[in-house]
Amino acid sequence: MEKIEKTLEEWRAMLDPEQFNVCRLSATERPFSGKYNATKTDGVYHCICCNEPLFDSKTKFDSGCGWPSFYAPIGDNAMTEIRDTSHGMIRTEVKCAKCDAHLGHVFPDGPPPTGLRYCINSVCLDLVPRE
């Protein structure tokens with residue numbers, strides 16, 4: 001996979017302010033505010049920054065946490081994981097492997113078959129409905 005690299009100013013020019021703050025500055029959207037939190041549309045969720053496929057809607061579940069949750073990424077190489085010790089917590093941050101956009105965090109409290117919960121900011125995603 002070829003990495004996409006842009007300056008912060010280039011990202012700022014192509015993203016809206018909330019997308020920029022979350023994807024490029026690692027902010028978090030307010031819980032229950034994202035457009036994909038409750039959607040049930042069948043399709044594939046892509047990175048808003050680079051259009052890389054990230055999650056299949058078949059792995060989405062209602063975790064009640066206020067952000068879209070998935071139990072697995074679309075592929076083993078779709079994202080990278082980074083230890084996050086911000087805000088006095090120890091978590092695992094997930095980023096798009098192609099463009100390094102901050103997506104959210106992964107937690108070990110999800111459903112079978114993986115036991116994982118990828119807690120992802122809606123603003124980082126673009127849902128492409130399945131035809």
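Glycine residues also receive a Cβ, built from the backbone N, Cα and C atoms like all the rest.
Here is what Swiss-Prot says about this protein:
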- Cys119: active site, nucleophile (ACT_SITE)
- Cys47, Cys50, Cys96, Cys99: Zn(2+) binding site (BINDING)
- 8-130: domain 'MsrB' (DOMAIN)
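Compared over the recorded positions Cys50, Cys119, the count of CB atoms lying within 10 A of a residue's CB peaks at Cys119. Counted within 10 Å of its Cβ, the other Cβ atoms near Cys96 (Zn(2+) binding site) come to 24, all protein chains included. The number of other CB atoms found within 10 A of the CB of Cys47 (Zn(2+) binding site), across every protein chain shown, is 25.
Cα-Cα distance from Cys50 (Zn(2+) binding site) to Cys119 (active site, nucleophile): 19 Å (rounded to the nearest whole number). Taking the centroid of the Cβ atoms of Cys47, Cys50, Cys96, Cys99 as the Zn(2+) site, the other same-chain residues with Cβ within 8 Å of it are Ile4, Ile48, Cys49, Asn51, Glu52, Leu54, Ala97, Lys98, Asp100, Ala101. Note on Cys99 (Zn(2+) binding site): other Cβ atoms within 10 Å of its Cβ, all shown chains, come to 19.
Taking CA atoms as the reference points, Cys47 (Zn(2+) binding site) and Cys119 (active site, nucleophile) are 14 Å apart.
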